[in-house]
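Written below as structure tokens is the structure these notes are about.
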Amino acid sequence: MRDTIPSVCADVAACLTQQEWQRIDEASSKNDMLLMQGNERSFTSVFSWSGLNEVLTFRNLDFPRCKLIKNGRALEPAKYLKVRSDALGERVRGISVEKIASQLESGVTLVIENLDDLWPAVRGVKIALESRLGEKVGATLFVGTGQSAGFTTHWDDGDVLVYQIQGQKRWQLHEPSVISPMKDIHGTLPPPTTPPVWDRIIAPGDVLYLPRGWWHTPIPINEPCMHISFGFRRRTAMDFFRWLSPYVAESPVWRQNLTRDKLPPVESQLEALRSALKQLLDEPNLLDRYLESMGDGVPTPQPLLVFDGAGVHCAYRDKHVAKTE
């Protein structure tokens with residue numbers, strides 16, 4: 001039996017209007033940031049302070065999924081973890097809500113990764129985003145108080161949609177230092193020393209879009225605040241090139257030893273390589289084959305056990321995903 005079970009919030013278009021999606025597409029094409037003010041919009045149906053307390057209390061979190069950050073560095077886990085004994089006397093490590101509260105008061109930032117695995121409504125938004133973007137999406141929660149920045153000025157190796165859930169937060173932005181940077185190549189870029197090109201406070205219901213490479217410094221403004229960053233990495237020509245490598249190696253000329261002789265043998269070998277690569281790139285539907293191999297960004301549906309009069313079978317939570325066996 002191939003049942004589906006609707007996931008919470010999966011049909012809300014990720015809480016964004018069609019006009020806002022058009023603005024995101026336009027900003028993305030220009031590699032430009034974008035703020036979409038929420039006005040009367042609220043994300044508390046997606047996540048809230050009560051949701052945070054439930055996650056901290058009942059989800060048995062541990063480092064590194066749950067961590068505290070200050071000035072760009074992770075605190076020692078011992079500062080917010082505890083070891084307790086369960087009913088059978090087994091030692092179990094987990095977070096200490098009391099220690100986390102104390103650290104938050106001192107100005108650190110609480111980070112919980114893969115929040116979508118912990119909260120159905122967040123998973124629903126993630127799925128809606130993946131369906132719209134055609135890319136895998138991850139959800140990371142950030143909670144802060146005081147006025148200290150948990151993170152120093154940095155850039156991410158992927159695009160980000162910041163959903164401001166509770167409280168206000170100040171964001172300072174700098175344009176990318178290089179066009180379309182990649183962490184494995186540009187990971188040591190020094191942070192900018194010029195004034196930010198954008199310095200504003202975002203409020204609950206706002207959504208901030210940051211393309212890959214935009215330097216940003218999120219700063220609490222002396223009030224409790226919480227946002228979820230939905231991050232996604234768009235596939236690049238470099239990803240295509242890596243996928244292409246095994247097909248390139250099918251040609252004998254690419255498996256030959258490189259000659260160390262002087263010209264003309266070197267030129268002859270380079271010409272053979274050039275010709276073989278061009279022949280491969282000229283194959284019809286090559287890019288379509290690559291995109292198909294990467295999938296459409298729709299996640300594997302979440303399986304659930306369903307018990308009925310006939311026994312037990314597997315159903316799938318995410319209603320827009322069809323899975324067959």
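Heads up, the Cβ atoms here are built off N, Cα and C, so glycines get one too.
Predicted automatically and left uncurated, TrEMBL annotations should be read as such.
According to TrEMBL, the features are:
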type   : residues : note
DOMAIN : 107-249  : domain 'JmjC'
For the domain 'JmjC' (107-249), the number of residues DSSP places in helix, strand and coil: 33 helix, 50 strand, 60 coil
Confidence summary (mean pLDDT) of the domain 'JmjC' (107-249): 94
